[in-house]
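> First the structure, then my questions, so here it is.
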Amino acid sequence: MAKSAAIITFLFAALVLFAAFEAPIMVEAQKLCEKPSGTWSGVCGNSNACKNQCINLEGAKHGSCNYVFPAHKCICYFPC
C-alpha cells in the first residue's frame with residue numbers, strides 16, 4: 001500500500017511540474033493611444049466607416065466614433 005501511495009504522489013508531482021512548464025506564455029498587450037482622425041470630416045455616425053478609414057488611410061490599429069464635446073468624432077487608435 002505504501003508503494004502505491006508513493007507512486008501516486010510521484011505522478012501527481014510530475015504532473016504539476018509538467019503543467020508549470022507547459023503553461024502558455026502571456027504577452028503583454030500593446031497599449032493604444034487615441035488621436036482624432038485627421039482625414040474624417042463632420043460628425044461621426046458610423047463606427048465601421050470610421051474604423052476602416054483609420055486603418056486604411058491613417059495606418060491605425062483601430063477606430064471608432066466617440067463622443068467628444070460637442071459632437072461624436074472619429075477617433076483613431078495607434079500604438080503608443
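Here the Cβ of each residue, glycine as well, is placed from N, Cα and C on the backbone.
Sharing the record's features from Swiss-Prot:
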{"type": "DISULFID", "residues": "Cys33-Cys80", "note": "disulfide bond"}
{"type": "DISULFID", "residues": "Cys44-Cys65", "note": "disulfide bond"}
{"type": "DISULFID", "residues": "Cys50-Cys74", "note": "disulfide bond"}
{"type": "DISULFID", "residues": "Cys54-Cys76", "note": "disulfide bond"}
{"type": "MOD_RES", "residues": "Gln30", "note": "pyrrolidone carboxylic acid"}
{"type": "SIGNAL", "residues": "1-29", "note": "signal peptide"}
> To see if you understand the setup: which same-chain residues, six or more apart in sequence, place their Cβ under 8 Å from that of Gln30 (pyrrolidone carboxylic acid)?
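Listed in sequence order, they are Pro79, Cys80.
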> Which has the fewest other CB atoms in a 10 Å radius around its CB: Cys65, Cys74, Cys80, the listed disulfide-bonded residues?
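Candidates: the disulfide-bonded residues Cys65, Cys74, Cys80. Fewest Cβ atoms within 10 Å: Cys80.
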> Starting from Cys54 (disulfide bond), work out which of the disulfide-bonded residues listed here (Cys33, Cys44, Cys65) have their Cα within 10 Å, and give them in sequence order.
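Near Cys54 (disulfide bond) by Cα: none of them.
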> Select the closest residue to Cys33 (disulfide bond) from the following disulfide-bonded residues, measuring between CA atoms: Cys44, Cys50, Cys65, Cys74, Cys76.
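Considering only the listed disulfide-bonded residues, the nearest one is Cys76.
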> Let's check the environment of Cys44 (disulfide bond): how many other CB atoms sit within 10 Å of its CB?
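Other Cβ atoms within 10 Å of Cys44 (disulfide bond): 23.
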> In the structure shown, which of the disulfide-bonded residues Cys33, Cys76 has the fewest other Cβ atoms within 10 Å?
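Per-residue Cβ counts within 10 Å for the disulfide-bonded residues Cys33, Cys76 bottom out at Cys33.
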